[in-house]
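Worksheet: the structure to be examined is printed underneath.
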Amino acid sequence: MPDPFKQAPSVAGAENRESSQKIPENQVSSDLSTSAPQESTQLASHTPRLWPAVVIVALLWVARIVASTVFSGTPTEFMTMLFAPMAATVVLFLWWLGLSKLAWIDRLWGIFIVVIVGAIAGQLIDKSMPLGMVMFALPVVLTIVVAWLVVTRGANSWNHRAGLALVTCLAWGYFTLLRVDGIDGHMNVDTRYRWEPTAESEFLAQQTKTASPPALPAASANAPVTLVATESDWPEFRGKNRDSRRAGVMLATDWSKSPPKQLWRQLIGPGWGSLAVVGNYVFTQDQRGENEAVICLDLATGKVRWLFEHPARFWEVVAGAGPRATPTFHEGRLYTFGGSGKLHCLEAATGAVIWSRDVAADAKATAPQWGFSSSPLVFEGVVCVFAGGSENKSLMTYDALSGEPLWSAGSGVLSYSSPHAATLHGRSQILFASELGLEAYEPKTGKLLWNHPWKLEGMARVVQPHLLPGNKILIGTGYGNGTMLIELKHDGETFTTVEGWLTKEMKPYFNDFVSRDGVLYGFDGAIFGAIDLATGDRLWKKGRYGHGQVLLVEPQGLLVVISETGDLVLLEASAEKHIELAKIRALTGKTWNHPVLVGNKLLLRNGTEVACYELATQPAELSAVSTNAEAPRSAR
């Protein structure tokens, strides 16, 4: 029986079926062959091209690694660390918008997330992090974003897009939790969580808990003390002649039998100057909250004799807060120069203020990038410091007794070196190294006596000029430039300089060198070495002590090195090879400050602590290192 609900085929339907059955076979195969490529082409157009992003990120990390290894301590390293992430970001944006082959919704979403989240993070970061966001955070964020794209094949679903937003927020967000507590000479960043106490805050908390009058009474009008520097004292930066040379002591060299004895150690506020010592008085500077401080400690105990504070604070991300200069003792007075440009003359025995000057205001100058670092030079009645002002106000001088301004001179605006006293060809001179080269001025008048041009573009000099016999001078320069020997000649009142040699075997940044018997010992970047003073050729290079400092012990021929990480190293001043006699850990943390040796007492400090060690001595006849002056290498 026919199904009444079954619809009979219509005439038109029958015709259609008949027509479809009559389609030629070659037409069917043609349709199938064209539709398949169209579908595959449509799929391919949405397949993201991710390999360029992987290559860009890989090249970014290769550039950073090469810069930190091959070009360590040079402008190339810094510029690479700064500009490579920026360049990678620009190239990635161009790839993302033009060549990624992603759907436009994915491209716009990615740009929106990375830019907006990055901008918000930039507003939330710690004040120490802006440079770090570019140099350190940006490479990490770019790497994480590209990795997510590779894992998700372009993040082209809403789940993947949400994931991209999440990983971007986490990457940027992590860096908002951090602060930078400084950067070392290798460009390694010391990061801490923002809620962790700083070394300065811990020091201030300790001072608050133990707040009490100084343990040792300072001298007063009722019991005046007149301090007089002797040959055994260390009255200013790098000693009496600013050459880090100590004579008259014979040290034991076997520290396994007679190790250095720690007499005292204590926390100190941040500061990167060294110490001056006269008698039992130790002078240095540090930062205490919003005040810069000049501290006088007792050499025997480390207890405070007196403390002078004044409102000033200089801070920058690499070294942090604190004064950079070393106090200078002269005829019972102490001259100090702060990181913000305040110059003080104090009574050395009591800390009483005699006079003060705002050098930055006098020179109409602003604080340099790393702060005012010039240790005051007192020479022939004038106090001289570097100010870096324009209109011949590079150097500023004041009357040592009254503080009245005297003369100003010079055009250099980039320097972290200190004025240096010299007597060359029988003429008193103040030497100063800046980005322009080396200049010499008459102490009483400021008259330019001579200059030796050696210009650095946008870079400062830091180390002291080094005087050699025969009116010769060494100029040390970092940033891959090297060390130059010049000889000063004169004809009547006319001085001229003759360039001897220029070597790149020793490229000191802020690490001063010492010389003995025709050999120069110092830091070539972060590695300690020796060069021949006759030729500038390398003799050896081996001591990996970071960006540390050195002093010379004469006539014994010993080198006392404090490494960048606080290791105390004893070396033999050998022209033949690197001879390490002993090594101990003396300080904790980054140590850039110059060591001080008074008798057999070694004083060390960095930005967090100060310590005094007693070094064992021995009779001269038992010296393990020959004290006979070896003939200069140039005379051999």
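Including glycine, each Cβ sits where the backbone N, Cα and C put it.
These come from TrEMBL:
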- 1-38: region 'Disordered' (REGION)
- 21-38: compositional bias 'Polar residues' (COMPBIAS)
- 50-72: transmembrane segment (TRANSMEM)
- 78-96: transmembrane segment (TRANSMEM)
- 108-125: transmembrane segment (TRANSMEM)
- 131-151: transmembrane segment (TRANSMEM)
- 163-180: transmembrane segment (TRANSMEM)
- 313-541: domain 'Pyrrolo-quinoline quinone repeat' (DOMAIN)
Intrachain neighbours beyond the transmembrane segment (78-96), with Cβ under 8 angstroms and 6 or more residues off its ends: 52-53, 56-57, 59-60, 63-64, 66-68, 71, 102, 107, 110-111, 131, 134-135, 138-139, 142, 146, 187
Range from 50-72, 131-151, 163-180 with most C-beta pairs under 8 A to the transmembrane segment (108-125): 163-180
Across the domain 'Pyrrolo-quinoline quinone repeat' (313-541), average pLDDT on the 0 to 100 scale: 96
